[in-house]
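Lifted from TrEMBL, the feature list:
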- 53-295: domain 'G-protein coupled receptors family 1 profile' (DOMAIN)
- 42-62: transmembrane segment (TRANSMEM)
- 74-97: transmembrane segment (TRANSMEM)
- 117-138: transmembrane segment (TRANSMEM)
- 159-179: transmembrane segment (TRANSMEM)
- 185-212: transmembrane segment (TRANSMEM)
- 233-261: transmembrane segment (TRANSMEM)
- 273-297: transmembrane segment (TRANSMEM)
Amino acid sequence: MSTLAPLRLLREPWNASEGNQSNAMVGASSGWCQRLDIPNELFLALGLVSLVENLLVVAAILKNRNLHSPTYYFICCLAVSDMLVSISNLAEMLFMLLLEHGVLVMRPSIVRHMDSVIDMLICSSVVSSLSFLGVIAVDRYITIFYALRYHSIMTLQRAVVTMASIWLASTVSSTVLITYYRSNTILLCLIGFFLFMLVLMLVLYIHMFALARHHLHSISSQQKPPTAHRGGSLKGAVTLTILLGVFFICWGPFFFHLILIVTCPTNPFCTCFFSYFNLFLILIICNSVIDPLIYAFRSQELRRTLREVVTCSW
């Protein structure tokens, strides 16, 4: 059974003739390239873990007034986006299981309608997740380079407008993607959006790391030995590697999959890559599990509130 409906639509290339696509699939199923089967239980387990994690983040931010700031609102929106990925994944899987086992009987037209709704929900959450990752990077950049003017630049009103714009744009773009998912132009736009976010995060985080390293160097130059400089630089490099590494590892294979659909839909090597589609979906769900660990749980104030939420200390 397949998972993640809108991503399932992109499982195999459609911009190839039927004969060429069949030959390519035969080559992909040969001994040198085997399709990777991932148990449905793994999808369910990761979806549940992601749902609980992100739900706790949202609850903690709503509970603690000290966390009612643009920075934490962006983190909250990221958690909501990741949570919607998990909810949609679980809903679709249960929906498909009920249909396959005859527990749920529906007319084909209603099934297609339900599938389209789930498609739009997941696609919207995927686009919004990428968008809020970029917004969080921009917010951190402003915090570091314009610390004295941060509250005048990132006002609550601007934060609300930014969040509303992202949700609206995500909804519209998901509708367009689901409607015209067979268009290479739409796929190129989606690929371009991912590359833009990757470059944006890469430039901003490297610039922030360079500034932090410069400050540490200035401080450590007055100390002997300059151990603080080496330790701080190492910590900053590890943090930067985690941020960008997780983003690229979790999202890169899926978008590379889209690139191959556009560039070489019938090439045997490309078709072999298509056969690992479920692995790319697992990585995307893993990103929803890892995001709270990177962006939320590292905050001491939020961790304290999380303990209160878990122990029901409202």
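From the backbone N, Cα and C atoms, a Cβ is placed for every residue, glycine too.
Nobody curates TrEMBL annotations by hand; they come from automatic prediction.
It should be emphasised that the depicted structure is a prediction, and the values quoted were computed from it without experimental measurement.
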Answer with yes or no whether the transmembrane segment (74-97) touches the transmembrane segment (159-179) by the criterion of at least three Cβ pairs under 8 A, sequence separation 6 or more.
yes
Report the listed stretch (42-62, 74-97, 117-138, 185-212) having the maximum count of Cβ pairs within less than 8 Å of the transmembrane segment (273-297).
42-62
For the domain 'G-protein coupled receptors family 1 profile' (53-295), report the average pLDDT of the model, please.
82
Intrachain neighbours beyond the transmembrane segment (42-62), with Cβ under 8 angstroms and 6 or more residues off its ends:
3, 68, 72-73, 75-76, 79-80, 82-83, 85-87, 89-90, 93, 281-282, 285-286, 288-289, 291-293, 296-297, 302, 305-306, 308-310
